[in-house]
Amino acid sequence: MRSSPRSRLSALLAGAVTVGALLTATATPAQAADTPLRDLGTAKGKVIGTAVTGSKLTGTYGDLAGTQFSSLTPGNAMKWGSVEPTRGTFNWTEADQIVDFAEAHNQQVRGHTLVWHNQNPNWLTNGTWTPAQLSTLLQNHIDTEVGRYKGRIAAWDVVNEPFNEDGTYRPTLWYNGLGVDYIANALRWARAADPDAKLYINDYNVEGVNAKSNALYNLVSSLKQRGVPIDGVGLQAHLILGQVPSSFQQNIQRFADLGLDVAITELDIRMNLPSDAGKLAQQKADYKAVTAACVAVARCVNLTVWGFTDSDSWVESTFPGEGAATPYDANFQPKPAYYGISEALGGTSNPPTGACRATYTVTSQWNTGFTGNVVISCSGAALSSWRATWTFGAGQAVTQAWNAVCTQSGAAVSCANASYNGTVPDGGSVSFGFNGSWSGGNPVPVVTVT
Ligand code: 9MR
């Protein structure tokens with residue numbers, strides 16, 4: 001595949017150790033022995049991202065955000081209304097938090113978004129501005145925000161949602177005040193403020209070939225012809241169950257053929273609630289189809305979900321009666337949709353129909369020590385003896401175990417059943433515990449059961 005500086009960076013990062021978030025003493029996530037999506041993505045030359053809420057980036061949410069994804073998009077934190085609620089008074093707290101977290105986890109950040117008609121501060125929306133004033137306000141906003149994060153943002157959604165469904169321009173504050181040139185000017189100002197950031201126009205309902213995506217296509221063609229800086233298009237992909245457009249891949253390809261990168265920027269696939277096994281299976285197929293379309297086109301560089309857990313999605317509050325749109329359920333368990341993404345990225349077909357898996361939990365933690373608990377459970381399979389193995393990621397050591405016989409060599413831990421608990425029946429589980437030592441960090445390892 002063609003290799004941009006960013007994709008070379010992500011390839012380099014593929015070899016880097018992913019360090020999980022420092023655990024609190026509370027419950028920690030069930031860790032299945034699945035290859036993280038970010039690693040599968042790297043092997044295919046794709047960056048795999050999620051939108052996040054900064055205040056949630058701890059515990060299980062933080063652990064999954066940090067280990068499964070190689071890109072973060074602030075769901076709201078970088079919008080104008082968030083960063084400058086009062087004219088001249090800035091609040092970068094959440095945006096900084098997300099960028100810092102991303103850097104600590106070897107992740108890219110997609111900046112979202114500089115020019116939009118929604119989530120602007122009241123002082124801006126309610127003001128009366130001459131075109132010259134409006135233009136200066138917009139330029140200053142772009143200079144300030146892009147400049148603040150210069151060198152730390154892989155790509156900016158510079159202009160968000162400029163089109164109506166029929167492909168005409170949306171009559172926004174910007175279009176009405178400045179005419180269509182607001183788009184070219186915003187891109188130029190963003191380029192000037194951070195020459196290394198990739199610059200995108202991002203919209204929804206442009207995933208298939210249709211009037212709206214034709215308008216986007218015509219716009220970016222003309223921008224490129226005129227020498228306006230534009231690096232990519234973002235196809236948001238807020239989809240409905242069973243309705244992945246059949247022309248998705250063809251549409252990605254035509255933008256790629258213009259010499260642009262394409263990112264799937266806000267993928268979610270909503271269904272009527274309650275969910276059931278049939279809907280979740282369809283959702284898996286849909287996530288797999290979207291991911292496969294991106295995998296098939298080299299210049300589709302990033303696939304980002306708009307929230308990775310159903311407990312952090314915009315869908316339920318916006319579409320009453322609909323939801324369950326993301327790859328993880330509200331308890332942070334991967335749904336079939338997760339495995340749809342994973343399979344399209346070349347991961348193993350999971351969850352296995354019959355399997356025994358381990359859940360590793362830190363049940364308590366103090367200054368230098370912690371207690372861990374591992375549950376081995378079987379479904380559609382059974383064991384007459386077992387061994388759980390993992391590799392500690394931050395120098396932890398098992399000091400004492402019960403209900404298993406554990407040995408450790410370097411970072412590698414191996415725990416075999418005790419004489420009395422080797423049997424795990426189909427539908428049943430056993431557990432063992434241990435005390436360990438840690439310092440600096442105590443990330444949750446991935447446990448394999450054999
Ligand atoms: O996820 C965002 C949600 O928390 C906000 O309430 C909403 C307000 O418009 O914006 C959501 O994100 C939107 C994104 O910024 C642009 N594309 C559509 C997304 C879903 O509305």
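Heads up, the Cβ atoms here are built off N, Cα and C, so glycines get one too.
Feature annotations, reproduced from TrEMBL:
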ACT_SITE  Glu266  active site, nucleophile
DOMAIN    34-344  domain 'GH10'
DOMAIN    349-450  domain 'CBM2'
SIGNAL    1-32  signal peptide
The domain 'CBM2' (349-450) - residue tally per DSSP class, helix then strand then coil: 0 helix, 60 strand, 42 coil
Number of other Cβ atoms within 10 Å of the Cβ of Glu266 (active site, nucleophile) across all protein chains: 25
The domain 'GH10' (34-344) [mean pLDDT, rounded to integer]: 98
